[in-house]
Amino acid sequence: MWPPDAEPEPDPESAHGPRSGRTVPGLRALLPARAFLCSLKGRLLLAESGLSFMTFICYVVSSASAFLTVPLLEFLLAVYFLFADAMQLNDKWQGLCWPMMDFLRCVTAALIYFVISITAVAKYSDGAYKAAGVFGFFATIVFAIDFYLIFNEVAKFLKQGDSGNETTAHRTEEENSNSDSDSD
C-alpha cells in the first residue's frame, strides 16, 4: 500500500453504481493527489502540519497563551503550502518566488520552534508543556530538513544558471581575444 502502486485498483463504485451519501466528487478535487502526498515534499509538509497541530493542542491544554500563536501560525502556513504545492499554484502564480517563501517559512519555523521548545522544557514543569516541547523539537528537526532540502535545490538551480552564464561569458572572451590576434 505504501508507496502507491503503479496501477490503481478498480473503483468499487463503478461496478455497483454510486454509493449514496458517501463523498461528493467536487470535494475530492480539494484533496491533494496521492502521488504528491507520497513524495518527499508532501511527506514533509504533512509532518510539519501534523507536528504543528499537536504542539498547538499541547499548548492549549497547558494554557500557555504566550506560545499558542507560533504553532497555530505554522500549522496554517504548512497547510497552505501543502495545498499550494498540491494544486500547483506555483505554476499558476509566477509573480511570487515560491522557493524563497518556503525557505524563509522553514528557517523561521525551525528557529522559533527551537527557542520555544527549550523554554517550554526548561522553564515549566507541567506535563503538557513538556509534551509540547518534545513535539516542538521534532517539528524543529522536520522544518530543518525541509529548509536544507530547499536550500540544496535552490543552490543546484543557481549553479546551473551560473555555469550557463560562465560558458557564454568565456566564449565571448575567446571570440574577443581571437578577433584581436587576427587583426595583427
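In case you wondered, yes, glycine gets a Cβ from its N, Cα and C as well.
Quick caveat, the model's predicted, so the values are computed rather than measured.
Taken from TrEMBL, the feature compositional bias 'Acidic residues' covers 1-12 (among others).
The annotation region 'Disordered' is assigned in TrEMBL to 1-22 (among others).
The annotation domain 'MARVEL' is assigned in TrEMBL to 36-155. Secondary structure counts, DSSP: the domain 'MARVEL' (36-155) has 102 helix, 0 strand, 18 coil.
The feature transmembrane segment is assigned by TrEMBL to 53-83 (among others).
Residues or ranges marked as transmembrane segment in TrEMBL: 103-122 (among others).
Under the heading transmembrane segment, TrEMBL lists 128-151 (among others). Note on the transmembrane segment (128-151): residues 40-41, 44-45, 47-48, 51-52, 54-55, 58-59, 61-62, 64, 67, 71, 74, 99, 102-103, 106-107, 109-110, 113-114, 116-118, 120-121 of its chain, located 6 or more positions outside it, place their CB under 8 angstroms from a CB of the stretch.
Here TrEMBL flags 163-184 (among others) as region 'Disordered'.
TrEMBL lists 175-184 (among others) with the feature compositional bias 'Acidic residues'.
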